[in-house]
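Student: The structure is given below, and queries will be raised subsequently.
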Amino acid sequence: MAEFIYTMKKVRKAHGDKVILDDVTLSFYPGAKIGVVGPNGAGKSSVLRIMAGLDKPNNGDAFLATGATVGILQQEPPLNEDKTVRGNVEEGMGDIKIKLDRFNEVAELMATDYTDELMEEMGRLQEELDHADAWDLDAQLEQAMDALRCPPADEPVTNLSGGERRRVALCKLLLSKPDLLLLDEPTNHLDAESVQWLEQHLASYPGAILAVTHDRYFLDNVAEWILELDRGRAYPYEGNYSTYLEKKAERLAVQGRKDAKLQKRLTEELAWVRSGAKARQAKSKARLQRYEEMAAEAEKTRKLDFEEIQIPVGPRLGNVVVEVDHLDKGYDGRALIKDLSFSLPRNGIVGVIGPNGVGKTTLFKTIVGLETPDSGSVKVGETVKLSYVDQARAGIDPRKTVWEVVSDGLDYIQVGQTEVPSRAYVSAFGFKGPDQQKPAGVLSGGERNRLNLALTLKQGGNLILLDEPTNDLDVETLGSLENALLNFPGCAVVISHDRWFLDRTCTHILAWEGDDDNEAKWFWFEGNFGAYEENKVERLGVDAARPHRVTHRKLTRG
């Protein structure tokens, strides 16, 4: 194997006037595990496409080591539309599957027609299959399909959703075992156990990995290096995500006051990383006792500075925020919520977790009055002012620009109880300069999510309901949103799959714990996500607490 699996020398890449890479020189070690981070639009996906040979730099050299293989998971991966799920996954095994089929064919022929030629061919095939560790190929295939929750093997891929197609493509790619594995948001559309399996599989993967992801626990558990892309430059940091936070904070301190806000946010996130589980729980409980203090402090400081996301202070909350009492709610004859009771604390941040389709959004719609309970009650306090925008982003004119959607064409807008420059407000959500002039109809998933956030937080409520706000956000925006919530004097309820976000911000967890006996069962817990997971094991035992999916096994024999 060459010293480097991939090399870039003085690479420049631009899309029109936007420079993605500016005179970048990098070399990647064989077997290195690298997480790629940076703001949306920094060119993370473009770098993967160049390394996969799907795109070329404008200047400079970029090349794979001689004889090495490369594979990529794209955000919208191509599949063979004429084949089933299994047919596509088997393509990842390449000629190994052909050789295994031929070995079995030769074995059958030799039962009736033993010849030296067949014996020689069988010996050669056996040696190649031994080297490729291919004897349990079917078991490897079924294990990977199960671990990644692929659709049924005989399902035509033309029937699959976007998330299902990504799982099939990831499964196919992992089975192909390239020397350089390029992954663009690999944890998107995976459930918690599939993510855990993938982390363990990649941590022991013999080849090099470059993964673009906003999943910070994934970056902590898998990455040995972090490559940050920012304004055309590439900054490599040795270590995982926690180490990256520390080293970047040091770099910003050297750069001086220009990035003071960013440095402050990184320092606060780093302090959380360094604190133990008990300290995190203590801080979470302290927040619940500090509502009056935080509200008074926020009222004194009316000025909003939108270099980062900020949540405007809403009216003072009374003692009753939302009280849910023995709530039952179903849809199309299926029970989604059964006998659910909880009371929102007025300075609480509640994480709502569970797979897609179990009723999380239905719960939100019931709280805001868009759905009515089948039985039980939902009482919203008299002092509550809700901030909520439907996940479907209804009412956004696709022809309007991002700035027009948020500002209605006004230079100054009302954000909560304060008037602010509209372009500065929109800029805080990652829409800088010309990005504010993009028509809403052409936005990516992450951009639509940031626009939805801007519309929700602009309302100035004291109870904020956020439906999947962390989807498709870069780590910078995620950190900014976390800090904004932690500094917000009010109550927030957030549907999210982001484990880091749930751990860092939440005072409570509302978790779907449905099973065969009761698919509409929910559990209310005081504490963050990590504490909830420990509690679940204590209550239900290790086996019962784990989702009923395969535990990690390597895709090799031995």
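Glycine too: its Cβ is placed from the backbone N, Cα and C atoms.
It should be emphasised that the depicted structure is a prediction, and the values quoted were computed from it without experimental measurement.
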Student: From 8-50, 94-136, 137-179, which range did Swiss-Prot mark with region 'Arm'?
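Tutor: Swiss-Prot lists region 'Arm' for residues 94-136.
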Student: By the count of other Cβ atoms within 10 Å, pick out the sparsest of the binding-site residues Asn40, Ser45, Asn356.
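Tutor: Counting other Cβ atoms within 10 Å of each of the binding-site residues Asn40, Ser45, Asn356 gives the minimum at Asn356.
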Student: Restricting attention to the region 'PtIM' (239-320), give the mean pLDDT.
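Tutor: Mean pLDDT across the region 'PtIM' (239-320) comes out at 76.
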Student: Cα of Val358 (ATP 2 binding site) to Cα of Gly41 (ATP 1 binding site): how many Å, rounded?
Tutor: 33
Student: Look up Thr361 (ATP 2 binding site) in the DSSP assignment and reduce it to helix, strand or coil.
Tutor: helix
Student: Using an 8 Å cut-off from the Cβ centroid of Gly38, Pro39, Asn40, Gly41, Ala42, Gly43, Lys44, Ser45, can you name the remaining same-chain residues around the ATP 1 site, in sequence order?
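Tutor: After dropping the recorded site residues, what remains is Ile20, Ser46, Leu229, Asp474.
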Student: Any same-chain residues 6+ apart from Gly43 (ATP 1 binding site) with CB under 8 Å of its CB? Would you list them in sequence order, or say none?
Tutor: Lys13, Ile20, Leu21, Leu229
Student: Drop a 10 Å sphere on every Cβ of the binding-site residues Pro39, Gly41, Gly359 and tell me which sphere holds the fewest other Cβ atoms.
Tutor: Pro39
